[in-house]
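Q: The structure under discussion is supplied below as structure tokens; questions concerning it will follow.
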Amino acid sequence: MVARKEIADHLHSARFFVVAALLTITGVAAVYAAGGRIRDVASQAADDPSLFLKLFTVAIENTPFAFVNFVALIGPLLGIAFGFDAVSSERSQRTLPRLLAQPIHRDDVVNGKFAGGLAVIGMLLTALMLLVAAVGVVRLGIVPRPEDLGRLLVYLVVSIVYIGVWLAFALMLSIVLQRAATAALTAIGTWLVLSLLAALIVQMAAGMLAEPGSVEHAGLQQALGRASPAIVYEEVTAALLTPELRTLGVILPEQAFRAVPGQLPLGQSVLLVWPQLAGLVALAAVVFAVAYIAFLRQEVRV
């Protein structure tokens with residue numbers, strides 16, 4: 001009941017339409033702006049069986065951003081937008097006691113808030129990916145293979161899980177902090193550190209612990225970077241949407257020279273990033289568990 005109410009509230013809110021418009025404009029603009037480069041890739045279609053995936057991975061001309069980069073950047077903000085006031089707004093409007101007075105379990109509230117927000121996020125991402133794929137098929141005439149569709153489906157699920165981490169985090173802040181504005185600022189600040197500044201912080205830390213340019217420095221930088229869910233998500237995305245990628249570790253020049261070019265099947269790509277996938281799911285579960293326990297232990301005053 002709470003989840004249905006939450007979904008209905010989100011779908012009828014101005015916030016939903018603003019976020020949907022932002023994602024739609026971003027996704028379609030990414031495909032159109034990258035059209036020239038995608039056509040260049042299309043001329044080599046005979047040598048690239050996964051051409052359709054380039055719609056999502058080819059960067060916009062003169063920028064380092066592709067569709068997947070926009071999702072990685074905006075996705076956390078999507079989770080924060082649907083979670084930062086999930087409980088604090090009920091508390092400020094004094095509707096939380098009335099909600100808990102209904103014939104439902106107390107944990108149904110926090111479960112419904114999270115499930116409703118995640119369902120809306122899933123609908124938005126699914127619609128956006130279908131729109132981008134349709135634009136690519138109609139405008140560029142690129143038809144996906146079953147393997148490509150499978151990779152995109154796994155990528156969609158992973159993206160929902162990743163955004164679910166931020167949704168659970170924002171929900172936790174909404175429970176712990178009294179004001180929605182404080183929860184939003186805290187969540188956005190954390191996002192800035194873990195997403196935009198993570199690479200810089202990791203590079204500085206690795207430079208202090210190992211000699212720059214060495215194999216130890218590269219390995220340490222990669223290990224430290226995996227403390228950020230954003231970097232872990234980028235690794236998973238790269239492995240899923242780039243079938244040519246065979247390893248995520250540090251590659252020495254002699255190893256690259258002896259490597260045989262080719263594409264991994266979907267199952268092998270999933271196995272390549274299985275630890276990262278398990279880590280994202282575990283992180284989402286742990287953060288939601290903290291929010292769940294905090295809500296159950298919180299006193300609700302009439």
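In case you wondered, yes, glycine gets a Cβ from its N, Cα and C as well.
What TrEMBL records for this protein is below:
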TRANSMEM  12-34  transmembrane segment
TRANSMEM  65-84  transmembrane segment
TRANSMEM  114-140  transmembrane segment
TRANSMEM  152-177  transmembrane segment
TRANSMEM  184-206  transmembrane segment
TRANSMEM  273-296  transmembrane segment
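Map these features onto the structure and tell me what's around them.
A: For the transmembrane segment (65-84), the list of distant contacts is 10, 15, 19, 22-23, 26-27, 30-31, 34, 55-59, 113-114, 117, 120-121, 124-125, 132, 155, 159, 162-171, 173-174, 180, 183-184, 187-188, 191, 195, 230, 233-234, 237, 241: same-chain residues at least six beyond its ends, Cβ to Cβ under 8 Å.
Nonlocal intrachain contacts for the transmembrane segment (114-140), taken as residues 6+ away from its ends with a CB within less than 8 angstroms of a stretch CB, comprise 2-7, 9-11, 16, 19-20, 23-24, 27-28, 30-32, 35, 38-39, 42, 52, 55-56, 67, 71, 78-79, 82-83, 86, 152, 156, 159-160, 163-164, 167-168, 171, 288, 291.
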